Amino acid sequence: MIFDKDDFKAYDADLWNAIAKEEERQQNNIELIASENVVSKAVMAAQGSILTNKYAEGYPGRRYYGGTDVVDVVETLAIERAKEIFGAKFANVQPHSGSQANCAAYMSLIEPGDTVMGMDLASGGHLTHGAPVSFSGQTYNFVSYSVDPETELLDFDAILKQAQEVKPKLIVAGASAYSQIIDFSKFREIADAVGAKLMVDMAHIAGLVAAGLHPSPVPYAHITTTTTHKTLRGPRGGLILTNDEELAKKINSAIFPGIQGGPLEHVVAAKAVSFKEVLDPAFKEYAANVIKNSKAMADVFLQDPDFRIISGGTENHLFLVDVTKVVENGKVAQNLLDEVNITLNKNSIPYETLSPFKTSGIRIGAAAITARGFGEEESRKVAELIIKTLKNSENEAVLEEVRSAVKELTDAFPLYED
């Protein structure tokens, strides 16, 4: 049978050669994309398990198909661990992605056409926080709030004033490119003052929240969403949390049958594994090291007058750098660094003047290199290599030196131990 090949790599050589090349790329590249991480072998094993064969529409104890006793155990493990991690009363582990988690949260809290306040994309928000190209901006009347133009920090007085003017039904807090601590209690105060609900998307900082290194939004938000990858170091997927039983029912209905059919139980299993890893004391050490490494890299840029750190520094796993004094734009910087095996992404900065396809900045994250074992010394070295590359973009001899230095670092810290 074609479905029972023992030597599956030989059977589909084109595919497996591509996967092998990606494994080689990840091993030999320094990964600084803030939304990426390195999962454990246990997470990959669960995601590649026989659970992928099972369809299980519904929820534990309330399925539409038979033969779901085992997947009920798996999903319940994931649910209970998520609740324990974040101190939430209810958790839905079925969202296929963070965007779908956000979609379900909106469906549970507001109606199409309602006014919503979300963070401006250039200030650090996410596409699903009201960008016109996103379902969120097309379904709801989003009004964006921005950071202060001088400090590049959230200005809660300005946000309150704006909320009083636009009278939103919902305020969305959370970001994909904001390097400072977010005070969720102040967002809740603003929401209460104008009669709005509060939703928090903590996708980027969930691992730091889980480790107690960033204030948790769960006590303040009516609904909290997150991805399960990024700083949580789990599989790609979504998670929704709430302490409100009625909202939990709405969330469950919004996910299934609202926007999804059967859950991906093999991914739910991988989430369960990663949640167990998060509950291990070693995860707190990992999360603390992520912040240390992020700060170590940022400090190198702060000492160079040719670069500017947005908001003046970082208190989490990422930061933005304005590179326009050194190279034309963020896209040029991203491409140059790709050539020396350092991977990051171009990123808009507050009050951006360039298109999102070029940008003035780059975004640098420490989650993946920390997972590999990089410490503060190696992180500083990485920042120095970035600066060296961008300032010597036409000097092939210097670029080759950078490639060699990158290879030394990646060889010293393998992606996975054999």
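Using the three backbone atoms N, Cα and C, a Cβ is placed for every residue, glycine included.
The following features are taken from Swiss-Prot:
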- LEU121, GLY125, HIS126, LEU127, GLU246, SER355, PRO356, PHE357: (6S)-5,6,7,8-tetrahydrofolate binding site (BINDING)
- LYS230: N6-(pyridoxal phosphate)lysine (MOD_RES)
- HIS229: site 'Plays an important role in substrate specificity' (SITE)
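Here the features listed in Swiss-Prot are painted onto the structure.
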| residue | record | CB count, 10 Å |
| --- | --- | --- |
| LEU121 | (6S)-5,6,7,8-tetrahydrofolate binding site | 24 |
| GLY125 | (6S)-5,6,7,8-tetrahydrofolate binding site | 26 |
| HIS126 | (6S)-5,6,7,8-tetrahydrofolate binding site | 23 |
| LEU127 | (6S)-5,6,7,8-tetrahydrofolate binding site | 16 |
| HIS229 | site 'Plays an important role in substrate specificity' | 25 |
| LYS230 | N6-(pyridoxal phosphate)lysine | 28 |
| GLU246 | (6S)-5,6,7,8-tetrahydrofolate binding site | 9 |
| SER355 | (6S)-5,6,7,8-tetrahydrofolate binding site | 10 |
| PRO356 | (6S)-5,6,7,8-tetrahydrofolate binding site | 15 |
| PHE357 | (6S)-5,6,7,8-tetrahydrofolate binding site | 9 |
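The full span of the recorded (6S)-5,6,7,8-tetrahydrofolate binding residues, LEU121, GLY125, HIS126, LEU127, GLU246, SER355, PRO356, PHE357, taken as their largest Cα to Cα distance, is 42 Å.
Note: the Cα of LEU121 ((6S)-5,6,7,8-tetrahydrofolate binding site) and the Cα of HIS229 (site 'Plays an important role in substrate specificity') are spaced 21 Å from each other. Cα of HIS126 ((6S)-5,6,7,8-tetrahydrofolate binding site) to Cα of the residue listed as 'N6-(pyridoxal phosphate)lysine': a span of 14 Å. The DSSP secondary structure for LYS230 (N6-(pyridoxal phosphate)lysine) is helix. DSSP assigns LEU127 ((6S)-5,6,7,8-tetrahydrofolate binding site) to a helix. Under the DSSP three-state reduction, PRO356 ((6S)-5,6,7,8-tetrahydrofolate binding site) is assigned to coil, being neither helix nor strand. Rounded to the nearest whole angstrom, the C-alpha distance between PRO356 ((6S)-5,6,7,8-tetrahydrofolate binding site) and LYS230 (N6-(pyridoxal phosphate)lysine) is 22.
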